[in-house]
Amino acid sequence: MYIEEVKGEMNLPENVRIFDTTLRDGEQTPGVALTVEEKTGIARKLDALGVDTIEAGFPAASPGEMNSIRRIVELGLEANICGLARVLREDIDAAIDCGVDYIHTFIGTSPLHREYKLKMSPDEIIDRAVFGVEYAAEHGLKVEFSAEDATRTEFDYLVEVYRAAEDAGAEIINVPDTVGVMIPRAMNHLVSRLKEELRVPISVHCHNDFGLAVANSLAAVEAGASQVHATVNGLGERAGNAALEEVVMALITRYDLPVDIRTVELVNISEFVSKITGVRMPPNKAIVGENAFAHEAGIHVHGVLEKAETYEPITPEMVGHKRRIVLGKHTGANALRSKLQEYGIEMKEEQFCTLYEQVKRLGDKGKRITDADLRAMAVTILGKASREIVKLEGIAVMTGESVMPTATVKLRIGDEVKTTSMTGVGPVDAAINAIQSLVSETADIELDEYNIEAITGGTNALAEVFVVMSDGEGNKATGRSTREDIVMASVEAVLDAINKILSLK
């Protein structure tokens, strides 16, 4: 409604290209280091998603980086494969040796970079930029040029640098907000002015230091920028980059702009990248977070059940997500009835009231209630014995100063008894690894969360272990156990969760 009223004030491009830099800037996330196989796996996913350009890495960084980029080039993907390079002959040669068809070359231009990092005069920087762009263009590469720290560079000088790069053969001019200092109105103003000065398309690369990377990217598009740099899940240096999934969905649904992205794959690639990098997404992460389409409050759930649009701006299916009705202290009776109906569970009113009170009571205690937990509670109230599909028959653990922690576990799975031994970083890890190994033939169930808390003091303190486990079908279950023995408490909690998940099948 209100967006339509202001669209006339925007200088929107005909379409927006997505330049993905997950494999370059995203890999610079502190603590993230990807193998060749992991990088090629992500590249395949990005290509299937439909991004226009994949920045595969920084070829001059190391021989291993060059090898990764070569492997990605050899995949023969639809996307342009780009390499990052400083405006140096050796950097550009490294990119050429990798076989990329696109180069993103840069040099710092702000007073800070000129004086402290580069120790070069403004004219020297322009000369270096021109050399780099010309050298890359002469070798048949498509050239995108960035003035690093552009948003802290004097405007007249910035235009001078960009025009020189443009005249030297740059086909795209990129505006990096290198340390995320811009606000949307300022970014819009800057890009609008640059559009008046330059001939080639303008791109933006926004960092998220103040949480404004996506907003600044969209503000640039409103001013006419036709390409956005982004990363899956917003990965990147410090606070990260503009999140690809957020930029894409905003462009498509808020601006009605054509973007060649298969949006139904967004959750899939988000989870894939999260798993490979080890960077977990907050549950409330926009578009792809676990809670992006989750509803607990009774009023909200009632509205969503009547018409999803009341509390959802887009359908979860559009991005490959699922709507979830979450149970907790804010849950209303309608939500609970809907959940029971979903699982085909029928209850008398008295039984329903008992279950409803239990849900509220657990919610007030801050306990998480998964669908599998609900089903287990309902089965108990209905007087039906819950199936203990996996039962512990025996366990022995060995650990010590010079001994690899090892656990031997015997489980009864259905009518079959199985035994295995596994190692781990400690006896608890070894025991859980052994259980997962034995159960893997029945179902692919993974440990998502593990928490332990001492309830009492002393060396014989009671420990409460809480776990969250999930399978490949999106089912989650919690498990709890309280024991003096931490290993046994952990084993019982894991088996509790596993049995809840298996009971859903």
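Note: Cβ is positioned from N, Cα and C throughout, glycine not excepted.
According to Swiss-Prot, the domain 'Pyruvate carboxyltransferase' annotation covers 16-265.
Feature annotation from Swiss-Prot assigns divalent metal cation binding site to ASP25, HIS205, HIS207, ASN241; the stated evidence is similarity to another entry. The Cβ of HIS207 (divalent metal cation binding site) has 26 neighbouring Cβ atoms from other residues within 10 Å, across all protein chains displayed.
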Quiz item: Across all chains shown, how many C-beta atoms besides its own are within 10 angstroms of the C-beta of ASP25 (divalent metal cation binding site)?
Solution: 23
Quiz item: Around ASN241 (divalent metal cation binding site), which residues of its chain at least 6 apart sit with Cβ under 8 Å of its Cβ?
Solution: THR21, ASP25, GLY26, HIS205, CYS206, HIS207, ASN208, ALA213, HIS229, ALA230, THR231, GLY234, LEU235
Practice problem: Across all the protein chains here, work out how many other Cβ atoms are within 10 Å of the Cβ of HIS205 (divalent metal cation binding site). | Solution: 30
Exercise. Enumerate the residues of the same chain, ASP25, HIS205, HIS207, ASN241 excluded, that satisfy the criterion Cβ within 8 A of the mean position of the Cβ atoms of the recorded divalent metal cation site; list them in sequence order.
Key: THR21, PRO176, THR178, CYS206, ASN208, ALA213, HIS229, ALA230, THR231, GLY236, GLU237, GLY240, ALA242
